[in-house]
Amino acid sequence: MENGKPKKPCCETVRDFFASAKFLIYLGHALSTWGDRMWNFAVAVFLVELYGDNLLLTAVYGLVVAGSVLLLGAIIGDWVDKNPRLKVAQTSLLVQNCSVILCGILLMVVFQFKEQLDTLYNGWLLTSCYVMVITIANIANLASTAMSITIQRDWVVVVAGDDRSSLADMNATVRIIDQLTNILAPMLVGQIMAFGSHFMGCGFIAGWNLCSMCLEYFLLWKVYQKTPALAIKAGQKVTDSQELKQLNIQKELELTDGPVEGSQLMNESAVVKSDKEENPGCCYQMSEPVRTFRDGWVAYYNQNIFFAGMSLAFLYMTVLGFDCITTGYAYTQGLNGSILSLLMGASAVAGICGTVAFTWVRKKCGLIRTGFIAGMAQLSCLMLCVASVFAPGSPFDLSVSPFQSMVRHLLGDQAPLPEATMASLITTEAPAVLNISTMISEEVPHIESYLSVSLLFAGVIAARVGLWSFDLTVTQLIQENVAEAERGVINGVQNSMNYLLDLLHFVMVILAPNQEAFGLLVIISVSFVAMGHMMYFRFAFQNLRSRLFMCCSPEQKTDADPPSLAV
């Protein structure tokens, strides 16, 4: 007996969980994320394969995706705020999956008839197919962004209700699903393409999205039915009340036998005014996206969690992650594919440990202090990466310019080149250098010491625990402290900030692509992470100081203070 109520049997408790809205959200998110991870991995491989082992299409696709989210993040979030939850979720789901299916079919056609397409209209038809693939894939990514904002930043909050512990557990579970699918989904589609073909890979992804779309659509409807609060949205309450007032006014006018002339004139003027508001001019409508973009960024700046959101965005300005940059550097340092796969698995395990640690530390120390602890843990682990720059085996050498390193690699000469030789190479060998897109050595280079690269990856893997705990902390701070009517636009701007700093880190790598300068990139990355956590420390200090002031002055406390800022 618990609180006078009989305790449910274990089987009944398990059955209730599998039928609950929480589990349905987990299942739908797992299906959606699995499809996203397969597509994001495969589309880059497809573009490289189509363009003859050249990274141009992949680079253009990455630039278009990042630029689109950067410019349209606030507009997407505003659309999420102004429309019913179920409509937003279903529309985003349909657009995303239909775009992936259409893109998969188009890629299958290109793979099957590439030679024929290349001969038609001097190759312009094939180029048009490339443009269509990138455009449709970008639309799918924008729809995926809207879906992520809707489910992870809004629906999860409503389903959790007022229980912060439940919200923290749901955020951690969603993040664990992200970690697992990020590893397993690319492995599956990679095996299909390796043992089958790229044509089969496209067909498998298109078929998966078709089946997943139908099941996810059903799961969204079931969650919506099981959670009546999802039908109520703050942005629509004002509209409903205004419509009710208008109906009451109309009823009063109908009950009046002979309204005076003045009331008739006022009524007519009100109708004319409402018509003007409902039918704005063409210039006003065309400038609406610009105003939405501006208002979204202004609203983001005015949030009390502004510095917390900025701190999360600054963590994207780093090369200390398991992306193509870090793995490419690891290869130059003598690590083969088998070791890299093991390191990626260890990184995923560390990320899962970080999500589990978040829920435990939050219960013991509070939400804001959890972010402080996670930030200190991440910075402490990244000190190993800084130490790796100066450890034995590090290629760190700022005296080597990026162009000089490229020419030495092409000529197979490891000795420094005199300035006269470099000047002659610039005039004679530059066209040959620029025409070569990739230089991948088939033999693992010989390295005298592995201490530097070992310290680097030890720091990167260990820092994942603090990184994911900190990410969950800021995510929940945004969920709890942003008004319901602004959740979409604020999270849209947050995604834009994340993409902006991510773009800057790629620009940083383009300016210093040689391995001798990677140590400088490590130091810059750790500096940006430190600046991000300094912003969070400022946010935490301001919040703790305000709480201390309120404790000392009870009469200053008001009901308007957001309870979620409590530690």
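Just so you know, glycine gets a Cβ as well, placed from its N, Cα and C.
Distant neighbours of the transmembrane segment (55-80): 43-44, 47-48, 88, 130, 134, 137-138, 141-142, 145-146, 149-150, 154, 289, 292-293, 295-297, 300, 437-438, 487-496, 499-500, 502-503, 506; these residues of the same chain sit at least 6 beyond its ends, with a Cβ under 8 Å from one of its Cβ atoms. Per TrEMBL, the feature transmembrane segment maps to 55-80 (among others).
Residues annotated as transmembrane segment in TrEMBL: 92-111 (among others).
Within the chain carrying the transmembrane segment (123-143), a Cβ under 8 angstroms from the stretch's Cβ atoms is held by residues 39, 43, 46-47, 50-51, 57, 60-61, 64-65, 68-69, 72, 76, 92-93, 95-96, 99-100, 102-103, 106-107, 109-110, 114, 117, all 6 or more beyond its ends. Residues annotated as transmembrane segment in TrEMBL: 123-143 (among others).
Under the heading transmembrane segment, TrEMBL lists 305-331 (among others). Long-range contacts of the transmembrane segment (305-331) within its own chain (CB-CB distance under 8 A, at least 6 residues past either end) are made by residues 340, 343-344, 347, 371, 375, 382, 385, 444, 453, 457, 459-460, 463, 467, 470-471, 474, 477-478, 481-482, 490, 494, 497-502, 504-505, 508-509, 515, 518, 521-522, 525-526, 528-529, 531-536, 538-539.
According to TrEMBL, the transmembrane segment annotation covers 337-360 (among others).
As annotated by TrEMBL, transmembrane segment applies to 372-391 (among others). Beyond the ends of the transmembrane segment (372-391), by six or more residues, the same chain brings 311, 320, 354, 358, 361, 365, 449, 451-456, 458-460, 462-463, 465-467, 469-470, 473, 519, 522-523, 525-526, 529-530, 533, 536-537, 540 to within a C-beta distance below 8 angstroms of the stretch.
Sequence-distant contacts of the transmembrane segment (449-470) (same chain, six or more residues past either end, CB-CB distance under 8 Å): 175, 179, 312, 315, 320-322, 326, 330, 333-335, 343, 346-347, 350-351, 353-355, 357-358, 361, 370-371, 373-389, 391-394, 522, 533, 536. Per TrEMBL, the feature transmembrane segment maps to 449-470 (among others).
TrEMBL lists 518-537 (among others) with the feature transmembrane segment.
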